[in-house]
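Enquirer: This is the structure, below, for whatever I ask next.
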Amino acid sequence: MEARSFVLRGVVAGGVAGLVAWLFALVFAEPQIEAAIAYEEGRGEAEQALAVAGGAAPAGGAEEEIVSRGVQATLGVGIGMVGIGIAVGLLFAVAYTLLHGRVALRPRVLALLVAGAGFLTIYATPFVKYPASPPAVGSDETIGDRTALYLVMVIGSLVFLAAAVAVTRLLRERLGTWNAVLVGGVVYVALAAILMSVLPGLGELTINVVESGPRVSETPLPLRDASGAILYPGFDADVLYSFRVASFTAQALLWGVLGLVFGGLVERRIARETADRATEASAF
Amino acid sequence: MDGDVVVRPEENPVTTAGAVARAKATAVPASETLPWLISAVLVGLALYFFIGIDQGAVSVFGDTSYVHELAHDARHFLGFPCH
Ligand SMILES: [Zn+2]
């Protein structure tokens, strides 16, 4: 097989994975996102009422809508999920091509392993430090810092996995495969833990500390008036939990389907090539 | 990493050993794969950027936030930082 066949199969498998993740998102993400947006709107009104009561001039009209909620919640989320499926399908195909035939694993096993590595590094490890958050959880002022920190986690995880694989390969002869893989796993977890403890929590970013003191996250606290009475509740913990579990599941589904479909497509193609060669050989 | 089991692929089409042997027979040489691999990485990263990051923290398409708005729910759900 040439690189072209792998890359094209990566696009197909990634697209299929994205479609599955889209259906999942329609059922499990959208209700939480709607609840989060309703919270955000209610809180905005409460904040404004509080400001007006304190003597501030009422702020002018609502934000103008560029893409309607109806489109965002159906087609938009689909374009996003399928687009990311194709994006990771392409990156996945590159990693797979470099390993194919160079390790003692059959294609469908290798495909699932590479997909698992992608899930671990590109999503799951960053999620431990900076979990996915619905609208309303996250401040506009910190979007730059949050994006940079998130990408540091993604790139760090990729580097750490490469380091863990290198350590495993070095130790394999001396310790045997099982123990070498265990040591590699410990190396990955240790490096990731160090990075997580060094990076700040989102609530520790300067802008947030000034506003509400140091906290772990940016999840909205209750809105209080001068006397401390709660005017509007904090963000619903159950909505946050459901959203994060759904996000994690959707990514597991995305990478899992990608690995399974890709592995199946590659094995089918190789079986066909082998059969063709056998027919050619017997024709002579 | 080569195993010491010798398997003729055509003789052993269904087993794992046969599949491994066939995979090894179809390993791709780096020279002819490079253009495909490099383009795949570039397109993959560009898509990742446009769906996950563009018009949030940094913007390629200028100040309109159409891309951000359209893929907005997916951006949150995929774990990217958003508002
Ligand atoms: Zn958002």
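Heads up, the Cβ atoms here are built off N, Cα and C, so glycines get one too.
For A:7-29, A:75-98, A:110-128, A:148-171, A:178-199, A:241-262, the entry in TrEMBL reads transmembrane segment.
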Enquirer: So if I exclude everything within five residues of the ends of the transmembrane segment (A:148-171), which remaining residues of that chain have a CB under 8 angstroms from its CBs? That is, six or more out.
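Expert: Same-chain contacts beyond the ends: 117, 120-122, 125-126, 129-130, 179-181, 183-185, 187-188, 191-192, 195-196, 199-200, 202.
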Enquirer: Per the 3+ Cβ pairs under 8 Å rule, pairs at least 6 apart in sequence, do the transmembrane segment (A:7-29) and the transmembrane segment (A:241-262) touch?
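Expert: When sequence-distant Cβ pairs are counted, the transmembrane segment (A:241-262) touches the transmembrane segment (A:7-29), since at least 3 lie under 8 Å.
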Enquirer: Where else in the chain does the transmembrane segment (A:75-98) make close Cβ contacts, counting only residues six or more beyond its ends and a cut-off under 8 Å?
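Expert: Residues 3, 6-7, 9-19, 21-22, 25-26, 29-30, 67, 110-111, 114-115, 117-118, 122, 250, 254-255, 258-259, 262.
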